[in-house]
């Protein structure tokens, strides 16, 4: 969340910056609440000062032998204490309203982020690789997978429902190989530590990374089937929408040493999303699933290092695509298309031949101190006593299912076989083709 000081001392400037991303800050409501806070705060401080001043008189009265006077002062202090407690409750209520208001406010976009309303206003930065030309009729990944007997959507519908998949044989192995290749690259060459994390998280974790309270409808939540287990209240947990949630929360409520930064972590997990706002979109194939795998990259940095870290992290995701020899383009998201907690975001979009377009395969974001403030994730500089908030970054390195889509379609051959990228062949027992 934003620093509340910005809403107190730079309200108009903050409102103008948020307006760039299409968010209208309710300035009047904030001003009204802030005026109430200041007024009640003054009353609280005055009552505390008066009580402290009068308290000193008790000893003076007792020393002078004036017990009645001392008792009278004690009564006054009791009344002041009751008034003070009531005012503190009022102050807490106003502060709670301000905090609740702040939680609905997105991050401020970086000055370098282009203005715009939606994905149509994103700005292309670069392209890598040339889309192939084919002298035969192209098939999409669904036809290729079903023809090879490796993608079974019908069984997934029977078992669970739409937007799920059953993979078989070499297709399942390819899916595993892609993830393992990514993990090996990021841990062996890019300096990340591999993490294994829970796939179920509590509400504090989802709050920390910004999914709650605003995006609860996009998640899958568990519903306890019994009231108690071994006399313990059942926990209400949620399936992770991305490994960003558990991995980033590893630094929640911690103070790192400056020497330990940056912290670079990666994890391969399934991800679960309700896709509540995606009805009718990408209903065919693996592009938009309720359950999909992803290799996530997370960096925890000092504030002055985070923008350079964003370039580095994005480059690590790009390296995956380059080694797989998949054409892609890099775009910087405009203010209107960025995620709620992002300060700046790059998307990598891979070429999908059957659709004759580039599709998002990775989103890499600098969250600045937005998540860190929610999580109270801090670090202490050498020689300093007061800790500071870290900056957090995350990105897909990459989405496994969409990477598989790109490999199947870009590497298809006239006879229906799929050429396995060279870097994946060692994970496929040396096989060069599927089919």
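Placed from the backbone N, Cα and C atoms, the Cβ positions cover glycine too.
Marked as L-serine binding site by Swiss-Prot on the basis of sequence analysis: 242, 243, 244, 296, 396. In this structure, residue 243 (L-serine binding site) belongs to neither helix nor strand by DSSP; it is coil. Residue 243 (L-serine binding site): 26 other CB atoms within 10 A of its CB, across all protein chains.
The annotation ATP binding site is assigned in Swiss-Prot to 273, 274, 275, 360, 361, 362, 363 on the grounds of sequence analysis. A simple way to gauge crowding: the CB of residue 273 (ATP binding site) has 20 other CB atoms within 10 angstroms, across all the protein chains here.
The Cβ of residue 244 (L-serine binding site) has 27 other Cβ atoms within 10 Å, all protein chains considered. Cβ atoms within 8 Å of the centroid of the Cβ atoms of 242, 243, 244, 296, 396 (the L-serine site) belong to the same-chain residues 245, 247, 267, 269, 271, 294, 295, 297, 298, 394, 395, site residues excluded. Residues near residue 242 (L-serine binding site) in space but far in sequence (CB under 8 A, at least 6 apart, same chain), listed by position: 269, 271, 294, 296, 394. Between the two most distant C-alpha atoms of the annotated L-serine binders (242, 243, 244, 296, 396) there are 9 Å. Summarising the environment of residue 296 (L-serine binding site), the number of other Cβ atoms within 10 Å of its Cβ, over all protein chains shown, is 29.
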